[in-house]
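Here is what TrEMBL records for this protein:
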- 81, 99, 100, 101, 102, 103, 519: ATP binding site (BINDING)
- 1-638: domain 'SecA family profile' (DOMAIN)
- 83-267: domain 'Helicase ATP-binding' (DOMAIN)
- 441-637: domain 'Helicase C-terminal' (DOMAIN)
- 874-930: region 'Disordered' (REGION)
């Protein structure tokens with residue numbers, strides 16, 4: 001709801017309720033004791049339990065928070081802040097200008113919604129602000145009997161706390177910045193009534209929960225209600241990059257080079273080393289070629305590359321063979337600057353950044369003797385759009401949302417409600433100054449800064465990059481103008497500098513996003529003057545209450561008032577933008593730093609035709625204008641038409657960026673449904689008490705398929721021996737051990753049958769003469785025997801643990817192996833967009849096919865691998881690599897199932913399955929592929 005009569009109507013309604021909060025309850029609640037005020041929380045919860053709604057108790061609840069804020073923070077919510085709190089509660093975005101006290105506004109909606117006992121998440125852009133807001137606003141909630149926690153990044157250090165619970169009585173003598181914060185587990189932090197944190201930490205905790213090996217490892221609750229501070233930054237700017245937990249798919253080692261050298265010695269031909277089927281793009285080694293490869297690898301004559309001992313080499317061989325025979329330089333790829341770059345087979349364009357998967361790209365790099373780059377596997381991923389859309393109710397606040405209102409509504413279903421300022425805005429926004437060159441622009445900027453510095457007026461200079469900040473800082477240094485530089489790297493230091501940016505004559509250079517969340521007070525922060533006085537007099541915290549401390553407070557207050565009046569008299573804070581950002585919203589954020597709470601202030605942007613935005617859009621028209629009127633390089637043009645041209649350029653770029661983000665979420669929506677399904681299945685597995693029926697059904701289904709494969713045609717044609725062997729090999733609980741070497745293939749088949757008959761107490765003779773129904777009964781007996789044998793060996797509790805771990809392991813393995821090809825599909829789907837095909841529809845169609853294959857693979861793997869796994873503790877894998885934000889290991893050494901070891905079979909020995917083929921030509925090849 002962002003315009004016209006509807007907005008005015010909503011604002012009138014919000015104002016009526018806000019007036020009721022102030023007029024009907026202010027005096028009454030001010031007379032309550034602290035205990036009586038605290039008791040309001042229990043009363044509200046009781047009323048909710050009795051059927052009242054949050055809307056019914058809203059005015060009283062807001063009045064309760066307002067009184068608690070006064071007692072703990074000496075702040076009372078203004079009428080417009082109460083209006084903003086209502087907007088947040090209704091699941092919308094409150095647009096409130098800088099300095100209007102958004103942090104205090106959030107306490108109203110957070111308290112009200114926390115009364116339901118389902119948890120409230122207050123989300124902001126960095127750890128510093130999350131911790132600061134917890135320490136600032138936490139005492140309000142604490143006074144009303146609610147628990148408050150904050151999530152923090154531990155920087156990858158497991159020994160460093162990453163979650164804290166608020167306790168206003170706790171003081172940390174070693175680090176005063178951590179006062180009131182007691183370290184707790186993340187699980188405990190998420191059980192608090194209100195939990196603060198950053199979007200990345202909340203998002204990654206969601207992904208990590210869905211990689212957990214047991215329900216006890218979950219940290220988050222259901223996603224109930226979130227208040228997103230700086231909502232435009234998080235839901236729009238940050239939303240371009242998905243959250244990804246990834247890890248190395250395998251070490252990029254010298255084996256790629258080794259096999260590239262081996263393949264250089266092989267020749268194509270039926271009577272040589274390998275053959276190529278051009279149409280199918282398939283390459284196969286001949287018997288001669290395989291023997292040559294094995295000789296060059298020093299594999300003994302009686303062993304094979306497909307043995308367990310050597311099978312680690314098979315993926316290298318397969319990829320090296322493809323790289324040599326199927327992928328040609330300057331056709332499928334080119335080599336440039338030491339990199340293998342794929343060529344688009346349809347357009348001939350270079351696909352920089354794309355890589356072949358599964359080790360093939362590394363094999364080509366080895367073939368071309370360039371540096372091999374390591375592949376990554378994606379363990380889990382989600383876009384911020386789809387994470388935040390999972391909240392039952394979502395709201396946000398920012399100073400700049402109207403320009404993106406369409407995106408907020410279309411992507412998140414969020415309306416934007418602009419809240420009026422508490423006091424009339426007095427800020428003067430001057431026309432842009434446009435120069436021909438960047439050099440003349442900076443000269444004019446420095447000249448204006450120097451002029452402001454001389455009259456004692458504070459200036460905040462916004463730049464678009466750290467590099468531009470340093471250029472300007474060097475110019476100011478040459479002119480001997482003292483200044484501070486912010487580059488958004490150290491949030492703690494950044495906030496301290498921003499609080500002083502309002503002091504008389506203070507010059508502060510900042511990238512456009514630096515310092516958000518901290519108000520610039522004219523004259524500077526009063527607390528900083530007190531700190532100066534305390535340091536001057538050598539006073540410490542323990543001197544509070546003494547006469548000399550009181551004198552210091554009085555002197556500090558006097559100094560601040562003088563500075564405050566001096567800055568107001570000079571015209572307030574002056575904002576200089578050294579370049580227009582591609583988004584109007586970012587420019588408006590910079591402007592919004594001045595003129596807070598009715599303070600005086602002014603803003604002006606300086607632009608050159610060499611700026612990036614002007615080079616891309618609109619500079620030709622302005623350049624011709626400057627030349628027509630014979631403007632000199634250092635002579636600016638100052639009138640409104642320039643601003644209109646710039647806004648047109650910005651609108652065009654904003655539209656492009658919106659389309660990109662919309663495109664991202666449309667594609668992720670396809671995977672999102674699949675991700676939710678997989679995660680729901682995982683959750684059900686980890687929280688289920690009994691999985692036997694589900695597992696038995698899957699195994700029985702696969703056994704039925706095996707029976708079907710061996711009972712085609714007339715009954716006398718059924719291959720019952722092979723059927724019995726295959727059933728037994730799948731259901732056996734341990735590897736078959738022979739006490740002698742078989743004489744030949746027939747002897748081996750007989751030995752396998754005897755071993756299986758002994759294990760299952762069923763003979764091949766029992767199958768003979770049986771119809772399908774009779775065979776099915778025998779199969780059920782074998783399954784029950786196998787299951788009961790495993791149960792007896794593990795015990796009831798360990799069996800349940802084993803069942804859960806097998807299912808989760810199979811789901812995780814298949815999901816990880818599914819994500820990377822799906823991402824490759826998404827990146828390459830444009831190849832299918834020739835003709836009139838819609839890439840999104842093509843992606844949906846292909847992803848649906850992939851998904852069906854995934855479901856089949858999961859069911860098959862559970863059935864085929866269940867009895868082959870053993871329960872043991874596995875070592876943790878290497879930690880995942882960082883992709884877009886701090887990430888943690890996908891596995892922490894919890895118990896997991898591992899395949900049981902079996903006696904190695906030689907490559908030329910008969911395959912134990914009884915097929916009659918050599919092992920290397922039968923299951924040896926299958927094992928190598930896996």
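Counting begins at 1 with the first residue displayed.
Placed from the backbone N, Cα and C atoms, the Cβ positions cover glycine too.
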Review point. In the structure shown, with every protein chain counted, which of the binding-site residues 99, 101 has the densest set of Cβ atoms within 10 angstroms of its Cβ?
Key: 99
Check your understanding: Over the residue list 81, 99, 100, 101, 102, 103, 519, recorded for ATP, what is the maximum interresidue Cα distance in Å?
Key -> 16
Review point. Looking only at 100, 519, which of these binding-site residues has the biggest number of Cβ atoms within 10 Å around its Cβ?
Key: 100
**Study point:** Distant-in-sequence Cβ neighbours of residue 102 (ATP binding site), under 8 Å, six or more positions away
**Key:** 84, 94, 96, 229, 397, 398, 399
Check your understanding: Among all the protein chains here, how many other CB atoms are within 10 A of the CB of residue 81 (ATP binding site)?
Key -> 26
Check your understanding: Within 10 Å of the Cβ of residue 103 (ATP binding site), how many other Cβ atoms are there?
Key -> 18
Exercise for review: Take every residue in the domain 'Helicase C-terminal' (441-637), average their pLDDT values, and give the whole-number result.
Suggested key: 84
Practice item. Provide the three-state secondary structure of residue 81 (ATP binding site) computed with DSSP. Key: helix
